[in-house]
Amino acid sequence: MATIKDVARLAGVSTTTVSHVINKTRFVAETTQEKVMKAVDELNYAPSAVARSLKCNSTRTIGMLVTQSTNLFFSEVIDGVESYCYRQGYTLILCNTGGIYEKQRDYIRMLAEKRVDGILVMCSDLTEELKEMLDRHSDIPKVVMDWGPESSQADKIIDNSEEGGYIATKYLIDNGHTDIACLSGHFEKAACQERIAGYRRAMAEANLAVNEDWVLEGNFECDTAVLAADNITAMEKRPTAVFCFNDTMALGLMSRLQQNGLKVPDDISVIGYDNIELAEYFSPPLTTIHQPKRRVGKNAFEILLERIKDKEHEKRVFEMQPEIVVRNTVKKLN
């Protein structure tokens, strides 16, 4: 494996000059730069990240802890984070925990051992023990994204789920719907509790009673949406609209309802949450609550960089504002 001395020898310059060319730390004449880079290419030289990290006290590596990277919402946020990491010369280590306690614990330990410069956390079900573990690594800058836990050591970006739930339900009410169901994720999750609270607030403002049999529990995946669609189809009195707490469930619900002979939106209206890319191209295109996923990723990374530069900065909370994207799955009844 080639060393910096080999590059310097081939280029006919000092190792210091090679270092300045590679790290862009000082002006070097263009002809000299060309000689150095030609030698780098010929020798297939790669600087030692370990040596650089020891010298600079930085690995230029970010760890990202996520509940489920295959979830379409998460994958779009991850795409935003990765894009901005790449532009800034950082490597992203993605840790997909699957919501498993042991994996969350072990990944946090592993990221600490790898001396990452910072950690992004996007987990909906961190326990108190895990929150304490994050706090124990107080020397590592952290930003918590989406509906993760509060931490005394981390900046936080919140998605304002209560307001999003309110906006979705109010839109249905404004279009004449009074019999409105909601398909939640697991009831114990903070985001679901907030979206249900927003749903109830909009119903209460309109003096509409909530049918508790229509507050359905899912898991943010298609399988429970299919079960919910079968349940709704079999109801003697059906809701005229369903507010789904993410687009994945909304699309699964729509597909099954239409298999069961119910047309969306002619027979039943559906509104989703997240505005994943697929929502626009489904048939019919899904009306949904937009969350700026790539902007969340960008903001999280930028905030983390600020935290890396100023570790003593007091904890901050940044709030994202949800907004409705109107397409073709809500029927106007008034």
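Backbone N, Cα and C atoms are what each Cβ position is placed from, and that goes for glycine too.
Checking the candidates K103, K189, K298 against Swiss-Prot: the one annotated together with F73, F220, D274 at the hypoxanthine site is K189. Secondary structure at F73 (hypoxanthine binding site), taken from DSSP and collapsed to helix, strand or coil, is helix. The most densely surrounded of the binding-site residues F73, F220 is F220 (count of other Cβ atoms within 10 A of its Cβ). Summarising the hypoxanthine site geometry, the residues cited as binding it (F73, K189, F220, D274) extend over a maximum Cα to Cα distance of 16 Å. Taking the Cβ of D274 (hypoxanthine binding site) as reference, residues of its chain lying under 8 Å away and at least six apart in sequence are, in sequence order, L72, F73, N246, D247, T248, T288, I289, H290, Q291, K293.
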